[in-house]
Amino acid sequence: MQRAREAEMMKSQVLFPFLLSLFCGAISQQIRYTIPEELANGSRVGKLAKDLGLSVRELPTRKLRVSAEDYFNVSLESGDLLVNGRIDREKICGRKLECALEFETVAENPMNVFHVVVVIQDINDNAPRFVAKGIDLEICESALPGVKFSLDSAQDADVEGNSLKLYTINPNQYFSLSTKESPDGSKYPVLLLEKPLDREHQSSHRLILTAMDGGDPPLSGTTHIWIRVTDANDNAPVFSQEVYRVSLQENVPWGTSVLRVMATDQDEGINAEITYAFLNSPISTSLFNLNPNTGDITTNGTLDFEETSRYVLSVEAKDGGVHTAHCNVQIEIVDENDNAPEVTFMSFSNQIPEDSDLGTVIALIKVRDKDSGQNGMVTCYTQEEVPFKLESTSKNYYKLVIAGALNREQTADYNVTIIATDKGKPALSSRTSITLHISDINDNAPVFHQASYVVHVSENNPPGASIAQVSASDPDLGPNGRVSYSILASDLEPRELLSYVSVSPQSGVVFAQRAFDHEQLRAFELTLQARDQGSPALSANVSLRVLVGDLNDNAPRVLYPALGPDGSALFDMVPRAAEPGYLVTKVVAVDADSGHNAWLSYHVLQASEPGLFSLGLRTGEVRTARALGDRDAARQRLLVAVRDGGQPPLSATATLHLIFADSLQEVLPDLSDRPEPSDPQTELQFYLVVALALISVLFLLAVILAIALRLRRSSSLDTEGCFQTGLCSKSGPGVPPNHSEGTLPYSYNLCIASHSAKTEFNSLNLTPEMAPPQDLLCDDPSMVVCASNEDHKIAYDPSLSSHQAPPNTDWRFSQAQRPGTSGSQNGDDTGTWPNNQFDTEMLQAMILASASEAADGSSTLGGGAGTMGLSARYGPQFTLQHVPDYRQNVYIPGSNATLTNAAGKRDGKAPAGGNGNKKKSGKKEKK
């Protein structure tokens, strides 16, 4: 099959040049593509038809084809050049750096020939491969470290970066591996002996050789190295002399040749290779050097006749095996003047306090020169400008003393170089340097980095957050320079200081212990202290001013109009003839924040009649924008929003109820129709009062029943007479009541305020024209209780005793409307306020029920002659003036008696109750 394909390619190679010669005029420009090798069959190489300028529709008629059909073909559907066979760069181009397939593309009708070049890029698809499965080596155990062995290289078909890069072996203690490059560029491994082999210990070694290429990821190949250790050595080395003698001047330069020792071995090869070494002589190895291969001995140090005048060296010669030989080398040293002075410290103080006095001895120094005569006379001095000096005490003795003031903060250490010079020619000298450490004393107080600190902290900060950091430095050392921080004083209360801030003693970080509130605390100042740990301790103080920044955390609060329990504003009255610009009222609000956060603006959110009123953006003034029209309602409602200038802004709302009226009488019906908001606190008080009233009624009924039973047993009483002032009984059948009827003359005045929606009674005054009742009858079956006092009596209709009228719903009071004590009343009041809460609430119920009847015009206690009048006032406070003691004349809720007058009952009018069904006034009905 392969041969047939090759024959076909040969035929194509012959045919296409022939065609090219025929149609050379039709050859177009060259087209070039680049692809990686080993692309899968069917992979697109390029858009051949498009690059040739051919459309896909004409491909079937043009019969587009390529000459390299073993590798490529043309798709007639898309016109793409596709891979038709395996493209192996290594097989096609071998190790050429550039690999390209060149072929021709032929199109017919008309005939055109195009030259196409496909460059094949190398990929790392070939791992390094060793030809041999293993490598065998034989190494004698006498082989010296450093011996190299070249090994067979591996083969990698890839090129350039994907080719073979390096060799490695598994770690071991005897061998290492390096990679070498041959002149042709190929790389081969070299095995290096790192440690002598011992056949008796290990006769063979097995290594794994790995070859790695430079691809990403890299590919590798391995093979085994088998090393066999051989042993053959039967002759010992022999020195030419047993003792070698030589003379040498002292102070000769290093590396000076002394002599050469020589030994021979009759063996051949590796067994005849001899190495030399000093034998158990530390002095020899420190002053002399022996070449292990040649036997040359050279100087390796300074030879001093004054120290040693003669050296004896023992030398050992060893062949490649285990045989050795020994000889001695005697070296005589010739004396010269070669000794420099020596400086020795007899005593030395390394730590010097910085407050030491002048003249304090720091060190005692001894100088010595091994030479004699002038060469042995020595002088000493210091080299640098230091606050120390040398003073001679005796021959060859000096002392180092303090010659200037010491300051550790400026210079903590001194390097003092002492030079000793003899008087020889040429003079020899020596230098000795010592380091003197200046010890610290606590002579510096901490210094803050700033004269004062000012920090800005936003309110509502998280507790525990750091708000500032103070920093102080102390140039002293150790505890003398270790600074701790504390709060010394503050303009806050001492009890509150720890609850506001704290400071870290180590870092000086000031922490907020609580969330600050700009509205409560806008700024405060702390006095912080930095204190070192010296003895005595030194300290410094600094002020820290904390400015608490404002956040928009407070919504505006509406002061006027005052809000009712349901959050709505109260009524304001506007004249019907009010001109445009008439000031109706003013919304007053405050914001606890500051700055822009407290800059308030007023906006109308909702209006019953848009355009009727205008609202001042900054003033909050409500003015009429136009005159009241005929179609405008008399009652108007404005929903006003008050916004601050914060980001984001906060707001509050207020509701204004406005009534257009020219007189107070027009306002009352509107106020009566207004449902009162439910107050949970008022309802609770109402329930308590009702419960107390029921208990009291039950108790009174029990007392009355007991008295009635006792009276029935008494036979001495007249059945038709009254046995008490206010209590009568009859045993006969019911007789129409025979009593006088009358009215109690009272007058009432109504006052209305724009901020109140309740009818509150200012005073209850008894007119002097009150006529006393003529007589009082008590019906026995109904057991009506008639309450009376010494001066006045109120008659009750016994026919209505079984139909109790409910109290008006207005009788309950809020906490702000509770009647005050006598301290808030006039001192000349003739009446007495009830002295307990129960009586007080009963009186309040009676007054409010009467006020409700007076407000809607249906009250039986009218304002005419001979009637009881009430004075009511609308306002935020409820006060009673000139209230006589009516506790004996007042109806108690829960009883069968109803507060009324005879005229009201004759007319068939029911008293005003709590059901809220009140009649409108006459003026209201006309409307």
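Yeah, the Cβs are placed from backbone N, Cα and C, and that goes for glycine too.
In Swiss-Prot, the feature N-linked glycosylation site is attached to one residue out of ASN41, ASN896, namely ASN41. Taking ASN415, ASN765 one by one, Swiss-Prot attaches N-linked glycosylation site to ASN415. Broken down with DSSP, the domain 'Cadherin 2' (131-239) shows 3 helix, 55 strand, 51 coil.
Broken down with DSSP, the domain 'Cadherin 1' (29-130) shows 17 helix, 39 strand, 46 coil.
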